[in-house]
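Chemist: Got a structure for you, written out below as structure tokens; questions coming shortly.
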Amino acid sequence: MRAPGAGSASVASLVLLWLLGLPWTWSTAAALGVYVGGGGWRFLRIVCKTARRDLFGLSVLIRVRLELRRHQRARHTIPQIFQAVVQRQPERLALVDAGSGACWTFAQLDAYSNAVANLFRRLGFAPGDVVAIFMEGRPEFVGLWLGLAKAGVEAALLNVNLRREPLAFCLGTSGAKALVFGGELAAAVAEMSGELGKSLVKFCSGDVGPDGVFPDTQLLDPLLKETSTAPLAQPPGKGMDDRLFYIYTSGTTGLPKAAIIVHSRYYRIAAFGHYSYSMQAADVLYDCLPLYHSAGNIMGVGQCLIYGLTVVLRKKFSASRFWDDCVKYNCTVVQYIGEICRYLLKQPVREAEGRHRVRLAVGNGLRPSIWEEFTERFGVRQIGEFYGATECNCSIANMDGKVGSRGFNSRILPHVYPIRLVKVNEDTMELLRDAQGLCIPCQTGEPGLLVGQINQQDPLRRFDGYISESATSKKIAHSVFRKGDSAYLSGDVLVMDELGYMYFRDRSGDTFRWRGENVSTTEVEGVLSRLLGQTDVAVYGVAVPGVEGKACMAAIADPHGRLSPNALYEELQKVLAPYARPIFLRLLPQVDTTGTFKIQKTRLQHEGFDPRQTSDRLFFLDLKQGHYLPLDQGVYTRICSGAFAL
């Protein structure tokens, strides 16, 4: 930030001039001159440009910390905090189901969750037991996990897109004693019924066909109607540091892991979002994200449970209905994630775009290449982009609308929030260390792995990990900031500019080297998607026998078979460096995404450019001819043997 000697020299000159008998005003002016001349002007420039931002960020940090400590001392839980909201505004709308039109007041949500708590207590479920929820996003979903929490029972929130082995895996690792599933997912449960333990108690909620319920399944809704809606006579003795529920990671890099969400983490995520973007109690938030993930269930629904906002739920994102819903329900805040903003831009212009009242869009994953296009077309005044995995302790937020930034860390007071970018081996992603064995901090403009110092006594810095202890240990490094400390490894590469703004580069493993250069998959995906009219694109590196590094491969959604590889190549030559241009193309009906609209690359990377692994159309870039050629088994063999120079 500034030369280490600048400050020392200025202080020394101040003392020397004072000893010589000069007035303090003269001495101070001279010392300031030495400081500025020694490079301190850079620091003063940073102070002038970021002080307002940093003060606001500091106020948010202090406010959240004080609130958390107050709730910790009082041993409050999320259900108890919600109870206070209910008492203030029992008849206000809490949740609205945009699909069915159902509207739940805070009093109704409280009554439903009380019935859930009483029912499971009566059935013998004890604090610390786990119940899995497999249901699409609707008010009952929220009432279920909230009611279980009132009884001290921990919910495992299952991804509704999982089937068979992956679904059985997640259910098994949760240690659940019961499964509550929606009638709309009865067929998925039936598919794996043979893998479910006989001791697992099963409940079905919602509408279900005559063949949808198996003999050992109980209908939940009639049971709840017969159960008292009064608060539990003896609430569990839980606190903010106890487990609330489990959220499974999206599985973009393998099988999902069950992240532990304690009450304080739920509060922290919701509170940071609330204060960072100045949400108000009168706001109406539109939440079309999955409720089995943290963005929809904590950042979104948390505004309802903790701060009393009305939240409009839609079980599945619909680009064509998005703005109509916002107009219908007078939404002022919307959520996005992954590629949602790009999908909205692909839609034809609609009348509702100009009639909505949305002032704020909160989420993560908005590509810098479409940031301003999104705000200008839809008239959304503020983008609340943030960075943070469900389980991480190093979340950051873009509080002042800096285009493309995921958030910031203060350059003036960097130690107030102990996160850091550290150097890693670009090929193996191993941490690089100095002679003292500590991690090496990155300089401004230098990409590095984001890490957060762990302090289990501090709710803002604790890391609760996963159900799997081995998975937890893999995310922790030691002697990072100082000897013997522990830090959370985010797995994501970011870069920080001179003012402390951070920009997302790649998830570890998504940057690869080719021809001695680093290729950023995020950058190439953004370019390709823009050239192709916001089409879904997945970019990844593939190994080629006998060739150093990894070659760039792009999987492109081409459901109608209209894409011309060579017309695309003509455009790529204008905007991408030679080393970043895809060597291989795969044209397929659709690119797989996770439930949170993140591109799913695991299967694509595994299959590579081998035509035996797929029936999709494959092409390779013949550099001699200067265009793409079809890739069949014969060509594949020649490439692997080195007959074709890449």
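The backbone N, Cα and C atoms fix where each Cβ goes, glycine too.
From Swiss-Prot, for reference:
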- Tyr246, Ile247, Tyr248, Thr249, Ser250, Gly251, Thr252, Thr253, Gly254, Leu255, Pro256, Lys257: AMP binding site (BINDING)
- 191-475: region 'Sufficient for oligomerization' (REGION)
- 1-13: topological domain 'Extracellular' (TOPO_DOM)
- 35-646: topological domain 'Cytoplasmic' (TOPO_DOM)
- 14-34: transmembrane segment (TRANSMEM)
Chemist: If you count Cβ atoms within 10 Å of the Cβ of Pro256 (AMP binding site), leaving out that atom itself, what do you get?
Modeler: 20
Chemist: Restricting attention to the region 'Sufficient for oligomerization' (191-475), give the mean pLDDT.
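Modeler: Computed over the region 'Sufficient for oligomerization' (191-475), the mean pLDDT is 92 on the 0 to 100 scale.
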Chemist: Within 10 Å of the Cβ of Tyr248 (AMP binding site), how many other Cβ atoms can be counted across all chains shown?
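Modeler: Looking across every protein chain shown, the total is 26.
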Chemist: Including all protein chains shown, what's the count of other C-beta atoms within 10 A of the C-beta of Tyr246 (AMP binding site)?
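Modeler: Around Tyr246 (AMP binding site), other Cβ atoms within 10 Å: 26.
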